[in-house]
Amino acid sequence: MSPTTPRSVEPSGLKPEQLPPSYFTWPGLLGRLGNGQELSEAQVRWAMNEIMEGNATDAQIAAFAFGIRVRGITAAELAAAAETMTSFATPVDFSDVPNCVDIVGTGGDGHHTVNISTMASFVVSAAGVPVVKHGNRAASSKCGGADMLEALGLDIERSPEDIRQDAHDTGFAFMFAKTYHPAMRFAGPVRSQLGAPTIFNLLGPMTNPAYPKFGLIGCAFKEFMPIMGGAFARQGSRVLVVRGMDGMDEISVCTPTEVVTVDAAGRTGEEVINPRNVGLDFYEDGSLVGGDAEYNADVAVRLMKGEISGAIKDAVLINAAGALTAVRGWEENGFQETLREQVQIAREALESGAALKQMEKIVGKEF
């Protein structure tokens, strides 16, 4: 756990003890935000430490979390906040699970879809790539990834030892954010009271305690896509940060999808995904709408059994392909060609029945 007094050296070259007394105080920090100034990484770490240790008041948490988002967070600030928050998480060692990937989004897109990323996770793991999914219950929709997995029969509150074993046995592990980020209990009530996106929406996808090096990251907020990409680059991750032009925090099959790519060398780029360019199709808005946990779980079972085609199937395939592209890399063959190849790999995993068997193995029962 990080100390309350930051040890980092400021850009000016001054050490913390040489800085003004107000530098590491809420009035000083919030004053900088109010004036439109950037915070140093040390100030962000100090603020996150205060929040995670339970030393900050609700008013201070709200002012920081909402204020830094409204002012416009930088990649350096976001990376510092993510690093500090993850240092308070329950640690899990996945160093012996190579090439694991997370498929996760910020939420808050208002589309209330079926659980695309969770279904895509079954397909990805069936294709031989381990998934360490970091998720939670629904916040603004009827059913989050944790809700659907629980409805399928998975015990979501599993110990670090259990999920390590899950990853080895099945190629899939689910880390329930509420369990693995206990310090977030200090910020949770404020987030609920605000009812508006804050820095914590961006931090959720960046604070997987397993530290996966690869990810398909949905971002519902267009203006923060390059910021998240820059922060992931600082973490040394290879990811795709995606947002459908319909606002969906997934790769959409209702519109093209904008992508910020972060490659293995930390270079960022931009792409656009068109489903028709990878052998899939476009569908009407609303064709991915889901329901409660039982409904979405039933959709997952029917999809894996081959009883569902069309929009939901294509959405799962293209998002699974996005995650596989992040793991396998696009530097050699180009992004679009790599994605097209991975769609076919995802299709084989789903249509062969391998994804159904994988889901049954993960939840421990047959459907």
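Placed from the backbone N, Cα and C atoms, the Cβ positions cover glycine too.
If you check Swiss-Prot, you get these features:
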type    : residues                                    : note
BINDING : G105, 108-109, T113, 115-118, 133-141, G145 : 5-phospho-alpha-D-ribose 1-diphosphate binding site
BINDING : G105, N136                                  : anthranilate 1 binding site
BINDING : S117, E250                                  : Mg(2+) 1 binding site
BINDING : R191                                        : anthranilate 2 binding site
BINDING : D249, E250                                  : Mg(2+) 2 binding site
Cα-to-Cα gap, E250 (Mg(2+) 1 binding site) vs N136 (anthranilate 1 binding site), nearest whole Å: 16
Cα proximity to T113 (5-phospho-alpha-D-ribose 1-diphosphate binding site), best match among binding-site residues N136, R191, D249: D249
Distance [Cα-Cα, Å, rounded] between N136 (anthranilate 1 binding site) and G105 (5-phospho-alpha-D-ribose 1-diphosphate binding site): 11
Secondary structure at E250 (Mg(2+) 1 binding site), reduced by DSSP to three states: coil
Nonlocal residues around R137 (5-phospho-alpha-D-ribose 1-diphosphate binding site), in sequence order (Cβ under 8 Å, 6 or more apart): G144, A146, D147, K178
Between D249 (Mg(2+) 2 binding site) and G105 (5-phospho-alpha-D-ribose 1-diphosphate binding site), the C-alpha gap once rounded to whole angstrom: 6
Cβ-based isolation winner (fewest other Cβ atoms within 10 Å) among the binding-site residues T113, S117, N136: N136
Same-chain residues at least 6 apart in sequence whose Cβ lies under 8 Å from R191 (anthranilate 2 binding site): A65, T198, F200
